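Student: I am attaching a structure below and will ask some questions about it afterwards.
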Amino acid sequence: MRYLTAGESHGPKLVGILEGVPSGAKIDKETIDQALQERQKGPGRGGRMKIEKDQVTILSGVRGGLTTGAPIALEIINRDWANWEKIMAWGDEADLESRKVITPRPGHADLTGHLKYRTEVRNVLERASARETAMRVAIGNIAVQILEALGVEIRGQVLSVGKVHMNSEDTPEYWQRVQASEWKVGDPQGEEALYTQLQEARSKGESLGGVLQIQVQNLLPGLGSYVQWDRKLDGRLAQAVLSVQAIKGVAFGMGFAAGQHFGSEVHDPIGYDSGRGYYRYSNNAGGIEGGMTNGEPVIIEAVMKPIPTLYSPLSTVNLETKEVMEASVERSDVCAVPAALVVLKHVAAWEILQAILEKFPADTWDELDKAWHDYKRFVSER
């Protein structure tokens with residue numbers, strides 16, 4: 001499978017094309033739209049989210065609610081385009097002077113993109129914007145729906161925002177609280193502190209980052225491979241996660257803490273049960289060993305830096321005069337950590353489904369479903 005996205009933050013549309021999705025898989029448009037709406041939520045979101053009402057239009061590759069095997073084309077309308085139509089026009093009528101950016105923002109693609117492509121900063125930030133992730137959520141939700149049909153569940157939580165850290169549990173009641181929370185946390189006291197911290201950041205013209213966790217449940221062992229570097233599933237998941245705007249680090253299972261312990265304290269002892277097959281007594285590896293799933297939940301943690309647009313701007317250099325000035329200010333969020341969690345779940349889903357289709361090549365849903373359950377039976381009896 002593969003996909004491409006196109007579109008600018010303030011252009012007319014975001015578009016995406018997926019190829020390699022088996023035919024006969026059930027796809028529900030409303031479920032995609034619900035994921036897009038989740039991405040727009042969060043206490044720290046900016047004014048743009050009051051304008052956009054993201055919904056996907058499926059242009060091809062799905063008929064009667066089932067994939068056809070043909071490329072799937074998607075589009076999402078940018079409602080804010082109405083306010084930028086003259087500025088972002090493709091032809092000679094484009095107003096290139098309005099909203100021109102000559103003071104690049106530290107931490108953003110502005111300056112480096114300007115130098116690399118020898119183009120205006122406006123052109124750089126329009127494509128580099130996290131607005132692009134709306135289409136990646138739509139694309140990834142197709143993978144989510146196929147994974148759920150196989151019994152694979154992807155869930156996530158926010159572990160910290162700024163200096164506020166959550167107390168995490170692993171109970172059904174805890175995950176219900178996470179799902180109901182605006183912040184996607186299950187710690188009520190910690191959540192109160194998040195609102196206080198958000199207000200402080202907003203009043204100071206600051207932004208906030210955080211740490212997020214994704215869990216992929218009910219995967220079979222053997223997805224990915226150890227035989228070549230580019231087939232290792234943790235490497236591919238790491239690339240997918242780090243490709244999301246503002247994500248600066250990724251870890252699996254125990255992560256960086258593994259470097260502070262003896263091997264006997266890190267590696268997960270193996271057990272066997274006639275009903276479930278092989279299993280681990282712990283999951284410090286985060287469900288991946290040797291670049292392959294081992295049957296335990298895949299646990300991914302990622303760190304999101306604070307958004308680089310600051311309403312109390314840092315210093316920068318004027319591209320025309322070379323004078324030191326304040327960086328430009330674009331409309332932005334104070335905190336988008338819960339929204340990033342939605343994006344990470346969907347980019348991870350795409351990589352997981354791709355690994356499944358490499359293990360079980362299939363042109364149709366029925367072939368994939370049969371191969372998955374045949375292998376599941378083999379693993380449990382081995």
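Counting starts with 1 at the first residue shown.
From the backbone N, Cα and C atoms, a Cβ is placed for every residue, glycine too.
Annotations for this protein, taken from Swiss-Prot, read as follows:
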type	residues	note
BINDING	Arg39, Arg45	NADP(+) binding site
BINDING	Arg127, Ala128, Ser129, Gln245, Ala246, Gly290, Lys305, Pro306, Ile307, Pro308, Thr309, Arg331	FMN binding site
Student: Cβ neighbours within 10 Å, counted over all protein chains: which one of the binding-site residues Arg39, Arg45, Arg127, Lys305 has the most?
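Tutor: Top count of Cβ atoms within 10 Å goes to Arg39.
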Student: What's the CA-CA gap between Ile307 (FMN binding site) and Arg39 (NADP(+) binding site) in angstrom, rounded?
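Tutor: Per the Cα atoms, Ile307 (FMN binding site) and Arg39 (NADP(+) binding site) stand 16 Å apart.
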Student: When the Cα of Arg39 (NADP(+) binding site) is compared with the Cα of each of the binding-site residues Arg127, Ala246, Lys305, which one is closest?
Tutor: Ala246
Student: Including all protein chains shown, what's the count of other C-beta atoms within 10 A of the C-beta of Ile307 (FMN binding site)?
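Tutor: Result for Ile307 (FMN binding site): 25 other Cβ atoms within 10 Å.
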Student: Could you list the residues of the same chain, at least six apart in sequence, whose Cβ is under 8 A from the Cβ of Ala246 (FMN binding site)?
Tutor: Ala130, Gly209, Met304, Lys305, Pro306, Ile307, Pro308, Ala336, Ala340
Student: For Arg39 (NADP(+) binding site), which of the three DSSP-derived states applies: helix, strand, or coil?
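Tutor: It is helical.
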Student: What Cα-Cα separation, expressed in whole Å, is found between Arg45 (NADP(+) binding site) and Thr309 (FMN binding site)?
Tutor: 13
